[in-house]
Structure formats: structure tokens, C-alpha cells
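K.L.:
A single structure is presented below for examination.
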């Protein structure tokens, strides 16, 4: 009896040391699973996006819309734009490890549960564009880690909780278009939006809150309010003017001299710096970003020293910088900042990227505009890019590679399906996917992508991208769409599997110029181990590798219409619907092969996908890895 008892005791000690063990109830039920099932039961899910949430499961980390930490704790509930309705359950307060809650653009109704204040690790809360009503719970003031709070476009009423003044880390707040009243705490957030609330006001002007509705207040980037001075300040100004009235003439002369000096210095400095407050750029929607002076960024990067260069891209160099408070940043210095079209590109990026807030997208931190310079400031990603990490030692473990694939896919889903207008990246590659401190994927460099309003595609006379990642239709016609990004993402998946860039992989002696055909051949012959990064050794799951290769081949099909949407890609990477999609794609391939065989007998056909890949590989065989490409489209169709 003694050995079994000892083993049981040892097992108990080991299991209790696991972080996730604390989540188990006395009956061995995962408390996070219980909470999520209660949330699911109160929501109406017409499209079945939560069908993978199984109450009999002990591991919610494999569920759709759920993100977990390396310790298998639920840290993200992300179900934006999923047509969900019903109520948000108070059980959300039991998910105490949550860091991100994204439920925007649904039709969830009812009050915001007060239990949400128990999420002490929560950093991002987005409940915007739903039908929540009632008061904002005072427990929101307990979310001391909160950085982003969006409650806009609901029907919330009552005052904003005074306890929210405790939110010392809050960077961005959007309460616009509700029915809120009363003052906003003075030091709540660096940037916030309260327009569309008829009786909301500044904390310093509380006496005006319940009178006639004032005009919406405007805010500068540093949070200062516009408008007239309060009455007490006007009285002091009047007394000051009377007391010194006898010296008005002298003061006038001094002011005139000072004005002349200011004009002279301003005219001289215009050759170096551009005043962004001038009328000609007032139409820039600055969003949630900070304005830097050129000298600030020059000092932060040590004069844009070559030793601080993090990378070079088609739009300019990226420099490592350190702000006076010690914050590390990445500064992108755009090429030809004063050239024709440069300002329009800059405005596009500042306006659009500042509104694109997602855990898997690189957030724009600030900007700088001068007469000759355009610069963008981002948070510094300590783990670099996926491309650099794949070349480093030790090899990136397989589980991390899978997590990177899913994270990058979710970021692209947000750009394609949740931004209005949608954003097409046009250069999806490992070098443009960064890794944060937890090795989570963060997609960057999408700010200068072509934006589509509500059209399906865009035709341009210039093709920008990286050799090996450019979709065939984009290279040949200049026509880009969200399926162009899907193609690039498929190549990214192969980079994660092989540990090589597209050009490295395509130039090897065994399969030069026909990479995708060779990958498909290895997959069909069940030889995927030939593809796997040798640095992994045996540390990978063969079935998972086969599935990722299948998804990559689906994404890189020659015809854009046959490629899946990025939301479908996410589901397939999570194990939902891949088998059916692969079978259907195999049918397409068989039909295409039969058609090609017939056309060879009857005429000289246009080059198929394989020939295109081979020709592409030969044309650019002299290029180096990650070479950027900016060429004129071979043939343009449709309007330019």
C-alpha cells in the first residue's frame, strides 16, 4: 500500500503547482469553462461561431474566439462582428485572467455587468457598437490595468463613474454617441472622445452640465480643451489690464518687437520644421496618437544613427529610439517625405492606422510632420520580427509557430473584415510580423496599404511587395484584393514550417523556380518531414504540420476566387472545416488539370500556375532574400 500512496501524494503535489490547477473546482471542473458556457448560453449565436464551446471540455484554449496564455489560462475573449445578440453574463467576472475583451460590432443588449470590475488584469475592453443600456458600472474604476476602453455607440446613460479616476494606465477612452451626462474626471486618459452625448461636460465646468446642451468639446493631442476661459479668469484679466493701462503704449511697442522677432524666427525655422497646426493640414484625423517634434525623434534615435537601424523597407528605414522617459520606440522615417503624394500617404497612414486597434496589429504611438520629413512612431517590439527569429538559435518551437500563424491571421481578419474601409496589406511576410514580449504575433507595416472603400478590388499602376510573396494576379495586372494578402499569408505559413524565406526555399537545387508545386508534391506523397525546419529536430506534431501545409496551399491557389477568406483561414488553423475545404480544392485541381490537358492538345494555352511560378523564379533568381519590389504592372485591366 505504501508505494501507491506515495505516488498519489507526489502526483497531488505536482498537479497543485500548475497555474491552471487553481481553476479546477472541488469536482474537477474547470471554472473558466463553466464561466464561458454561461456566457455562451446567454448569447444568441445565429451563425454558430461559438459551437466549439463544449461544456464537457476541460480545455477552452482550443475554442474559437478564445486566446490563452502559455499556462493555458484564458486571457482573451475576442468575438467582434459575429452577429451576436442577447445578454453579456455576469460570469465574465469569473474569467479573472482576461487581458482582452473584444465584443464590438454585435447586437448585445442589457446592462454592462458590474462583475466586469473583477478583471484586474484587463488591458483592453471594447464593447462599442452594441445595444448596451443603463449606467456604466462603478466597478469599472477597479480595472487599474486598463489601457483601452471603448463603449461608444451604445445607449448608456447616467454619469461616468467618479471611481474611474483610478484608471492611471488608461491611454484611450471612447464614450461617444451615448446618453451620458455629468463631468469626465480631469485626468482620465490622454486621448478620449465624448461627442454625441448631449449633457456631458468638462469637470471644471460642472455647473453647465445640466443646462442647455453645450457644443461638443474638442481636444488637442495633449488633451487640452478648447473654448473660452472661465469667468474668474476673465475677471482677473480685466483687473490686470486696468492696473497696467498707463503702460499700454510701451507694452504695445514691446509686443510689436516680440511679434517681429517671432515672425523672423518662425520664417527661418520653416526651412527645417513644419508647424502641424497650420490650416493646410487641419483635416488630418490624428486619432489616438501623440505628436512629436522632429528634434525629439532626432535625439531619440541619436541623429538617426546607422547603428540604430532596425530594418529597411519599401517606404523607408526603421530606427530604434529611446524617449526621455526611457520608453523604447521604433521610428519609421518615410522616404521622400516632401515629394508629391507623400503627404497624402502620410495622412492615410495616420488616419487609418490610429483607428486600427487590435491585439495582433502594431499600434501607432505617434507621428511627426515637417516640411521635408514624415515620421511614424511605434512601440518597440523586443523580440523583433518573425523573419529574424526564424534565423536565430535556438529554433522557434513548433507550438509558438502555430500561435504566430493564428495571431497574424486574426490581425489580417481585422484589416479585411472589421475595418471600414477595409485595409489591404499588400506585403504580408515574416519580416512584417513582429513579436511582442510574450511572442504573440503583431502585424505591422500596413499603414501605407491601398484602402478599399466598398469595392472588391483595387487596380494600381505600381506593384509593391516582396519577391516570393506577390500573388500572380497582382504582379501581372496590378489588381489587388484581400485574396492578394491571403496568398502572401500562405507563403508566410510555409516560412514558419520550413524556417526559410520564400527565396531561400525557392532557390534550393531540388525545386528551383517551382516552390509551390514541389510543396504540393511532398504533401501528396506524405513526405512533409522533408519540408520541416531542420532546427526543430523531432519537436513537432506531424499532423499539425500537414494541416498547416494544406492551409498554405489553399491560400496560394492560382485563382483568387479559390482562395479562402482570412476568417476561414483562422477557422482552418484552429481545426474547423479544413478537411472539407481541402477536398473541394482537390476537385478544383483535378478539373484544372483536365482542362489544361485538353488545351495543350488544341491550342497554345496561357501559362498555368506552375509555369508562372517557374517563370517568376527565373526572372528574379538574382534577387536576395526579402527584396522589396516596386515595378509597373505588366498589364492593367479596369480603371486606374
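FYI, residue positions are counted from 1 along the chain as it appears here.
Using the three backbone atoms N, Cα and C, a Cβ is placed for every residue, glycine included.
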K.L.:
Quick test of your reading of Swiss-Prot: among 221-241, 242-262, 263-283, 284-304, where does it put transmembrane segment?
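P.N.:
It is 242-262 that Swiss-Prot annotates as transmembrane segment.
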K.L.:
Quick check on the record annotations: which of 107, 383 is tagged N-linked glycosylation site by Swiss-Prot?
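P.N.:
Going through 107, 383 one by one, Swiss-Prot annotates 107 as N-linked glycosylation site.
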K.L.:
Restricting to the same chain and to sequence separations of six or more, state which residues have a Cβ under 8 Å from that of residue 316 (ATP binding site).
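P.N.:
Once residues fewer than 6 apart are set aside, residue 316 (ATP binding site) is near 332, 333, 334, 335.
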K.L.:
Grab the same-chain neighbours of the repeat 'LRR 1' (95-119) for me: Cβ-Cβ under 8 Å, and only residues 6 or more beyond its ends, written as numbers and ranges.
P.N.:
32, 35-36, 43, 67, 69, 73-89, 125-143, 145, 150-151, 156, 358-359, 418
K.L.:
Give me the Cα-Cα distance between residue 166 (N-linked glycosylation site) and residue 94 (N-linked glycosylation site), rounded to a whole Å.
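P.N.:
Counting only the Cα atoms, the answer is 22 Å.
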K.L.:
I want to verify one value. Collapsing DSSP to three states, which class is residue 310 (ATP binding site)?
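P.N.:
In the DSSP reduction, residue 310 (ATP binding site) maps to strand.
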K.L.:
Could you check which of the recorded positions (107, 153, 312, 318) sits closest to residue 94 (N-linked glycosylation site), going Cα to Cα?
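P.N.:
The smallest Cα gap between residue 94 (N-linked glycosylation site) and any of the recorded positions is with 107.
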K.L.:
Please tell me which one of the glycosylation sites listed here (107, 153, 179) sits closest to residue 310 (ATP binding site), measuring Cα to Cα?
P.N.:
153
K.L.:
Distance between residue 312 (ATP binding site) and residue 153 (N-linked glycosylation site) at the Cα atoms, whole Å?
P.N.:
40
K.L.:
Run through the Cβ atoms and count how many others sit within 10 Å of the one on residue 166 (N-linked glycosylation site).
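P.N.:
By my count, 17.
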K.L.:
Under 8 Å Cβ to Cβ from residue 318 (ATP binding site), same chain, six or more residues apart: give me those in sequence order, or none if nothing qualifies.
P.N.:
309, 310, 311, 312, 330, 331, 332, 333
